[in-house]
Amino acid sequence: MEVVEVESPLNPSCKIMTFRPSMEEFREFNKYLAYMESKGAHRAGLAKVIPPKEWKPRQCYDDIDNLLIPAPIQQMVTGQSGLFTQYNIQKKAMTVKEFRQLANSSKYCTPRYLDYEDLERKYWKNLTFVAPIYGADINGSIYDEGVDEWNIARLNTVLDVVEEECGISIEGVNTPYLYFGMWKTTFAWHTEDMDLYSINYLHFGEPKSWYAIPPEHGKRLERLAQGFFPSSSQGCDAFLRHKMTLISPSVLKKYGIPFDKITQEAGEFMITFPYGYHAGFNHGFNCAESTNFATVRWIDYGKVAKLCTCRNDMVKISMDIFVKKFQPDRYQIWKQGKDIYTIDHTKPTPESTPEVKTWLQRKKKLRKPPKSLQGNKPLCKRPKPEEDEEFAEFSGEEGANPAMGPRHLKVTEKPEKALKLGKLEESSAKEALDTRIQVDQSLLNDTKLSGKGCISSSVTAEIPPEDNRASAVISPSQLKEGADCIPLSHGHQAGKESHLLKILKLESPKIPSPLPESNKVLTEGEENDEEGHGSNLEPGEIPEALSEERNGLNIPKIIEGQPKTTKSWRHPLGKPPARSPMTLVKQQVASDEELPEVLSIDEEVEETESWAKPLIHLWQTKSPNFMAEQEYNATVAKMEPNCAICTLLMPYYKPDSSKEENDSRWETAVNEVVQSGRKTKPIIPEMCFIYSEENVDYSPPNAFLEEDGTSLLISCAKCFVRVHASCYGVPSHEVCDGWLCARCKRNAWTAECCLCNLRGGALKQTKNNQWAHVICAVAVPEVRFTNVPERTQIDVDRIPLQRLKLKCIFCRHRVKKVSGACIQCSYGRCPASFHVTCAHAAGVLMEPDDWPYVVNITCFRHRVNSNAKSKTCEKAISVGQTVITKHRNTRYYSCRVIDVTSQTFYEVMFDDGSFSRDTFPEDIVSRNCVKLGPPAEGEVIQVKWPDGKLYGAKYLGSNVAYMYQVEFEDGSQIAMKREDIYTLDEELPKRVKARFSTASDMRFEDTFYGADVIQGERKRQRVLSSRLKNEYVDDPVYRTFLKSSFQKKCQKRQ
C-alpha cells in the first residue's frame, strides 16, 4: 500500500497523511480504514484518500441540473483580527443550474490568484465581505446504482446499529448529505455529532481547503475559543457544536495550537476522525457528498462526547446499544457509572473484534435486498404551526429549539419506476400543469395507527421556509390543475405518514444592515429602540420563485418497514447581532436617564443617592484623601467577588434591591473580617484584557492562573485594595505577605485615574506616566494593555476626541468639569454614556461579550425594556379592566377586557428528537390527562398528532397560555396575548406612545354614547380626494353609490 508525504509509521508529528490504495485494497472500506489508523493517520484528525483512477462513483454529472437545493443558506460573517462568528440565513430554493450560474457570476466567483496560499490569504482578508450562498445539508446521494466501493450511502460500519436495532435514521449522520459550494462558503470549527468519524467525497468542481487540529490537542482549541467567546461559552459548554466560530490559522499559530492544512481536489476523499476539530472553505463552485460512520474505537469517544445543552434538536445517540453489543464485558460497570476510561488518542482501531464479527455474520443473514438511498427522505414530525413565531427572527433560544435549522416540510413521491437523483427526467411546464394526482382514498382512511409511525400512502411536498414555518393539510382532491407545486424528493418514504402540504408564501428574511465602523456621532433623536435595523437583500440575488420546470408531482408508492427519521443540522441558522460596532461613539444630546439637577459635591450638600454615598470622599474634584481610599478598598474587598477588577462584571450596588437592602449590604461588609490567602475563580475572562490579535507580546492565555482555573486573592499592605493575582498581573514569585500594588510601590498617594472621576480601586500606570483603573482600561474600547499578562503600560492615546467629549449621566452634576473617557450602552444606537466607575458604582449591568467586543453594557432603560415582557406578564388582568393594546389598524387604543381564557399545554420530546411545547393534554392517548393530570416528568407517552397517527414521546413539563378578549370603542373585538397588553399604570414603550390614540373610529357610536351626544359631536363626513377618483376604495357606502350610478346609466342606454 502506497503512503505519501509522511514516513513515520506512527505519525508523531500529527501531520495529515495521504493514501493511494490499489483497487484491491480499495474494495474493503473498514479494512483499509484500520490500515490507515495503523499508520497513525487518525492522530492528525484528518486524512486524504485518493481512490484508484479506474474507480468512478458516477459516470456523468450533466443530468443533475434540475436537482433542487431546497434550503440554500447565506453565510454572513462578523468579526476581525482572525476571530469571526458566522451566521446562516436561509434563502429561497433553487436548482443546481441556478446555483451554478449564481456561483459563477461576477459577484460570487473566485478571484484571480497565484497559488493556493494566495487564495487562502484572500479568503481570510475578504471573509466579512459579500456573503456567499451555500447549498448545504441536502439529504441524498448521487452515486450510481451498483457502486459498492466506498459508497457513502452504505459504508456498512458499526453505526448501522442505530438504524438496524433502534429503527432510527438520522439525516446526514447515517444517511448521506450533498453540498453545493461556491467561493468562500465555509464550514466552521467543529467536531462531528457525537464525535463520530466522517467521510467527504468531492464529486466535481473547484477544490476545498481543510484545516485540522489533532484530537490530542482538541481541548486546547476549546479553551482558546472559550476565552475569545466568553458569552457563547457561558451560554453553552459545547458552543463549538453550533458551528458558528471561525479562528484563523494565524491565531492558532500565535497561541501555539498545532494544526495542519490540506487541499482536497475533485475525485478525492477526506476522512475526519473522532474528536478531530476541522474547518475549511470552498474555492469555487463544487459538489461534495458526506456522511458519518463509526468503528469500535469510536464507542469510547461517544460515551464521553460533550453535547450541546442549549438546543433541543442537536443529535444525541444513545450509547447503550453500542456498549452492550460491542463492549459486553464493560456494559454493567458502564451502566453503574464506574467505567472509568482515559481515551488514548494515539491508539488505532482494530481491524475487527469478536463482537464485530458476530454482528457482521448476523447482519449478512438478515440482509435484505439493497434499497436505494438516493434522494431525499422525509424529515421527522415537527412542532405545530403555532410555534412558527419563534422561528421568525432566527432566534438562538431553545423553547422549541427555534432557529437551529431550516425546518423543511418534506414530500416524498414514488414514481412508476424507481427514480434516482442521477436519472432525473426533465418535464416541461405544460407537462407539469397537465399532471394529475390519483391517490386511492382507502389508503388514507384504512391506515392503522401505531406508536412506531405508519406507512405513507400520501404525496408530500417540500417547502424551504424563510422566516418561519407554516403548513396546512389538504386532501388530494383539493389539488387543482395548474396549481403551483414544488418538486418532490426522489427515493423511498421513511418513517411517518406525511400529508399534502399547502405551500404558503413566506417573506424573505431581513438582514440587519451593518453600521460603519467609524467614529460616527448619533444624536438621541436618531436613537432606535428596536434591536434590529434591517433591510432586504439585494433584489435578484436569489430567484424569487421556483421555475416552471420544477413543477409537477408523481404518483406515490407504499414502502413498508422504514425507520423513523430525524435530522442533523450541519449548518444551523442564526441571526447576526444588531448592535453598535466596538469603536462607534454615539453622542448624547439629552438622555432619558439624566439625573435630576444636583449641586456640586464641592458645596458639601448631603448625597441622597444610595449608590453614591460610599463615594462621597472619592470624587477627584475633592482633595486627595488616602484614608478614605483605604476605607473604601477594605470594605469592598469583603464583598463579592472580592476582587476590585472582577467586580466590573458584579457591581456592589444592586439597583433592583431596595435602599435599605443596599445600605445593609454595605454595613455588613464593613464589619466582616477579610480572609487572606484564599483562591477563587476570576469571573472576568482573560480575553477582556486583549485589545486585538496583534498583541505580539502576549503569552498564552491564563498565564498566572492555577491549573484548576483559580487564582490567589491578594491585598495591598497599604491601600488595602484586593485583587486576584491573575487579574492584576502578579506572577506567583512576587506574591508575599507585604505585597504592594503598583501605585503604593511608587508611593503615589495622590494617584487618580485619567479615564474617570473617582479615586480608589486597582490602578496601573499608563504609557504617558498617568494612572488608570484596570477596569476602566478593560471597558473603554480604544484603551489597550501593551503588556497584557502583567496588565502594564496602558495605552490611552487612541481614544478619539468624540469619546472624550461625552458627558457622564451619573456625575455630570456632581463635578464641575468634564474629564475622563465615557463608555456607552451597547443596545442599538442608544447614546447613554457614563464613566466605567460611575456606571459600576450605580449598578449598570456589564457582561463579557464575544470577540471583537470586550463587554456588553446595558443601561437602566434597556435593562428595563429587556425585562418588561416578563414583568408585564406578572401583573394580573381581570375582566372589565381598561387596558391599552393594538387595534387592527395598527394604532394603539384604550379598550375593555371582556373575557379571559387559559389553556394548558404539555411540552414533549418526540422519539425522533423533535420538540413541541403546545401539545394539548387530550392528545396524550396513553394516559387520561384530563382526569388524572399530567404524567410524571420524563415518562414515556403516546401522542396523537393532527395527522391522525400516534408518536412516541417523552413528557417534559407543562405551561399555561392566557388569551384576553378585548373590545374597542368601535365595537370590534380581538384576542391578545398578555405581553401585547398594557395596563393604565404601566409605562408605555416609546414605540407604543408614538402610535397611541385616544379613541378608535366611532363605527358603532351608539354603543358607548347617547344619540343626543352623537348628533352634536358627530365627525364631519369624509370626502373622497379628487386624486383618488380613479382608485379602488374599500368603502361600502362609496361602492353602493358607484353600483347604483352604474345601473342608472345602463337603464338609460336601454
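The chain as shown is numbered from 1 upward.
Backbone N, Cα and C atoms are what each Cβ position is placed from, and that goes for glycine too.
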Note to self: Suppose a student reads Swiss-Prot and sees Y134, K208, K243 listed for 2-oxoglutarate. Which of N126, N200 should they find annotated at that same site?
What the structure shows: N200
Next item on the list: Name the residue, out of H217, H278, H283, that Swiss-Prot lists for the same Fe cation site as H190, E192, please.
Entry: H278
Checklist line | Euclidean distance between Cα atoms of C236 (Zn(2+) binding site) and K243 (2-oxoglutarate binding site), Å | finding: 13
Check: Among the binding-site residues listed here, K208, K243, whose Cβ has the fewest other Cβ atoms inside 10 Å?
Finding: K243
Next item on the list: Please find which two of Y134, N200, K208, K243 have the most distant C-alpha atoms, given that the record lists them as binding 2-oxoglutarate, and give only that distance in angstrom, rounded to a whole number.
Entry: 18
Checklist line | Other C-beta atoms that fall within 10 angstroms of the C-beta of N200 (2-oxoglutarate binding site) | finding: 23
Notebook entry, point to check: What's the CA to CA span in angstrom from H278 (Fe cation binding site) over to K208 (2-oxoglutarate binding site)?
Noted result: 13
Check: At the Cα level, what's the spacing in Å between C310 (Zn(2+) binding site) and E192 (Fe cation binding site), rounded?
Finding: 17
Checklist line | Secondary structure composition of the domain 'Tudor 1' (875-932) [DSSP: H/G/I, E/B, coil] | finding: 7 helix, 30 strand, 21 coil
Note to self: If you count CB neighbours within 10 Å, which one among the binding-site residues H190, H242, H278 has the smallest count?
What the structure shows: H190
Checklist line | E192 (Fe cation binding site): secondary structure state under DSSP, collapsed to three categories | finding: coil
Next item on the list: Round to a whole number and give the Cα-to-Cα distance in Å for the pair C236 (Zn(2+) binding site) and Y134 (2-oxoglutarate binding site).
Entry: 26
Notebook entry, point to check: Can you name the residues of this chain that are 6 or more positions from E192 (Fe cation binding site) yet have a C-beta less than 8 Å from its C-beta?
Noted result: S198, T272, P274, N292
Check: Cα-Cα separation of C308 (Zn(2+) binding site) and Y134 (2-oxoglutarate binding site), in Å?
Finding: 24
